[in-house]
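Features as listed in TrEMBL:
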TRANSMEM  21-40  transmembrane segment
TRANSMEM  60-78  transmembrane segment
TRANSMEM  90-114  transmembrane segment
TRANSMEM  135-154  transmembrane segment
TRANSMEM  166-185  transmembrane segment
TRANSMEM  197-215  transmembrane segment
TRANSMEM  247-265  transmembrane segment
TRANSMEM  286-311  transmembrane segment
TRANSMEM  390-410  transmembrane segment
TRANSMEM  416-440  transmembrane segment
TRANSMEM  447-469  transmembrane segment
TRANSMEM  536-559  transmembrane segment
Amino acid sequence: MEDKSYSFVTGRRNTFHVLDYVFFIGTLVVSLLIGIFFGYRGRTKHSTKEVLLAGGKMHFIPVSMSLLASFMSAITLLGTPAEMYNFTTMYWYIGISYFFVMFMAAHIYLPVFYNLGVTSVYEYLEHRFSKGVRTAGMCIFSLQMMIYMSIVLYGPSLALNAVTGLSLWGAVASVGIVCMIYTALGGMKAVLWTDSFQVIMMITGVLATLIQGSIEVGGFAKAWEIAADNERVWFTDFRVDPSVRHSAWALVIGGSFLWVSVYGTNQAQVQRALTCKSLRDAKIALWLNFPGLCIILYLCCLVGIVLYAFYRHCDPVTYGLIMASDQLYPLFVMDIMGHVPGVPGLFVASIFSGSLSTLSSGLNSLSAVLLQDIVKVYIVPDITDQRAALLTKVFAVMFGIICLSLTYVASLLGGILQAALAIFGMLGAPMLGLFTLGMLFPWANKWGAYSGLGCSLIMMFWIGIGAYVTKPDLGKAPISLAGCPNFTVFSNGTDTYVEYANYSMLYNSTIDMTTSIANLSVDDSNPVDKLYTLSYVWYSFTAVLIVVFVGMIVTMITGKKDPKTIDARLICPVFDVVFPYLPEKILKPLRFGVNHKGKYDIKPTPSEMPLKDKNPSVGNTDQLVNGIDTEMEIMIQKPDEKEKGDVKFV
């Protein structure tokens, strides 16, 4: 590393060249053109199915790439290398959880949504519980996605502005506006195909920086050796203490619940899977995400190892070159590639490709739930399909404007990787618990759903906000400033300061790794404070547990439902899925009375149906279940009819 243009050598950051801006703008233009193309191509197809579900005939390849891009966003690309730099390689264990995530999403949750033929996953909640539960779920999802999208948009913009000189609000506005336009014009097809383009950009950008960074430090083997010598490489934390930030159990078990709340019950992801022409294709699209997620995750982890080896003698945050760890990766790129005009621009383009994919997915899904769960339910039930399709485009623009206005909130949330995953645990996981209660516990009623969801939200917000306020010690790995130029340490007798050039700052030296991580203890004097030390990775597991536990207790108090009276499409026969080869005499009692034999629909008679909705498939579930003794029409599917699902029961 003899190039004197490195930031920790000169004390100055490299900035963008004109060609870098050209490549960055070019990426936005390509995404915009894809949206315009599909908007023009589908100008005669004004239907909600076309706009929201791409006609329901998509191939599993673009769907799988869109699923991959939607939540493996710029947050992952910036946050994961910073995780490796600040902590240890324990985060690698979360890759194992992806296998269990895909299994649960593809075989437990998705078949229920697909076989019901819903557009919004919250339609399920009305069928299973009540209209109020459906509305509550839609509102929670909308809040979660708007906060998450603001983090996805603001975090990378701030990081890149601080390092490259790229205009902060210029980046926020340009990315947000372009995303609004192509999502509104092209609908779901534009989202799917731009996501496919963007995921290629993301992987290319990460791979390029990994290769060049390894060259700069003398090879990846050398980088790994340096990280190991400085206590970054650590895979043996198997403690069961839930306050341990990243233990193997937390990342595999807690990570599974965290990510299944995204892939299994999040509207943005499920809606993409529903665009496939068959349930089989939708399952394939989900399973293809397992290797895809692992590739992106481990490439980012490897970049983090190289990044640490590069800055091992001069921590850029403490030295004052950058303000936060989320800016480490952009600084690294400008250091190793800043001398080649255009290459940093490609990297920035790859980062914002992650932002674009997440934003477009979020805007499209928010439009879908607002139309299906609010407009069609409460405002204009008989709206024409053409007007509904036009309305979704208006909603995409409206939510885009709201997202842009919320970017300030994102600046208050700290590290973007942990903040984003904590949001999923606080808002997304209670929704996972609600769907789990409905699909796996046929006795649960709407009062159990309300109480379980409410208690889970209150508890998770209490823990999440408490952790943000108290800021428990995370035990970061040791850093060094020995190689920083013009660097001195002085003490005034009370505090120790770092000074270089004309800048000084209060210096807190990082304690030794053995103390900071392996032996980090929590003060037991205040049980409430200890609650705030719960690892954010456990948030989702905790939230689901609360929903199910409270929901079932309240259900038993208020009167449980009879499983025999429930539409079998609303319940997942989980034991048939997990243990398909068990004999029928064992599996039958494990279905708890729900009749999964044959594919059938229970339809209320016309007198039971709400006057405002004559569609039997969207009848009121309470009327359906409570009126089970009244006349009903049982529609048994004939054996020779084509089944939409691919699971058969003897």
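A Cβ is built for glycine as well, from the same backbone N, Cα and C atoms used for every other residue.
A contact links the transmembrane segment (247-265) to the transmembrane segment (536-559), because at least 3 Cβ pairs that are 6 or more residues apart lie under 8 A. Here the transmembrane segment (166-185) touches the transmembrane segment (390-410). Their Cβ atoms form 3 or more pairs under 8 Å, with each pair 6 or more residues apart. Sequence-distant contacts of the transmembrane segment (286-311) (same chain, six or more residues past either end, CB-CB distance under 8 Å): 1, 8, 60-61, 64-65, 67-68, 72, 76-77, 80-85, 89, 91-92, 94-95, 98-99, 101-102, 105-106, 110, 199, 202-203, 206-207, 209-210, 213-214, 216-217, 220, 222-224, 226-227, 230, 232-233, 263, 273, 328-329, 332, 335-336. Touching of the transmembrane segment (447-469) and the transmembrane segment (135-154) is concluded from the presence of at least three CB pairs under 8 A, sequence neighbours closer than 6 excluded. Remote same-chain residues near the transmembrane segment (21-40) are listed as 166, 174-175, 178-179, 181-187, 189-190, 193-194, 197-198, 201, 342, 345-346, 348-349, 352-353, 356 (criterion: CB distance under 8 Å, separation of at least six residues from the stretch ends).
Residues of the same chain lying 6 or more positions beyond the ends of the transmembrane segment (536-559) and with a Cβ under 8 Å from any Cβ of it are 94, 242, 245-246, 250-251, 253-255, 257-258, 261, 418, 421-422, 424-426, 428-430, 432-434, 436-437, 441, 443-445, 447-449, 451-453, 455-456, 459-460, 463-464, 467.
Here the transmembrane segment (60-78) has long-range neighbours at 151-152, 155-156, 159, 191-193, 195-196, 198-199, 202, 205-206, 262-263, 268-269, 272-273, 275-276, 281-282, 284-286, 288-289, 292-293, 296-297, 300, 326, 329-330, 350-355, 357-358, 361, 416-417, 420, meaning same-chain residues at least 6 beyond its ends whose C-beta is under 8 angstroms from one of its own. 135-154 is the stretch from 90-114, 135-154, 197-215 with the greatest number of Cβ pairs below 8 Å to the transmembrane segment (390-410). Proximity of distant same-chain residues to the transmembrane segment (90-114), defined by a Cβ-Cβ separation under 8 Å and at least 6 residues beyond the stretch ends, is recorded for 80, 83-84, 121, 124, 234-235, 237, 246-248, 251-256, 258-260, 263-265, 269-270, 273-274, 279, 282-283, 286-287, 289-290, 293-294, 297-298, 301, 435, 439-440, 537, 569-572, 574, 577, 644-645, 647.
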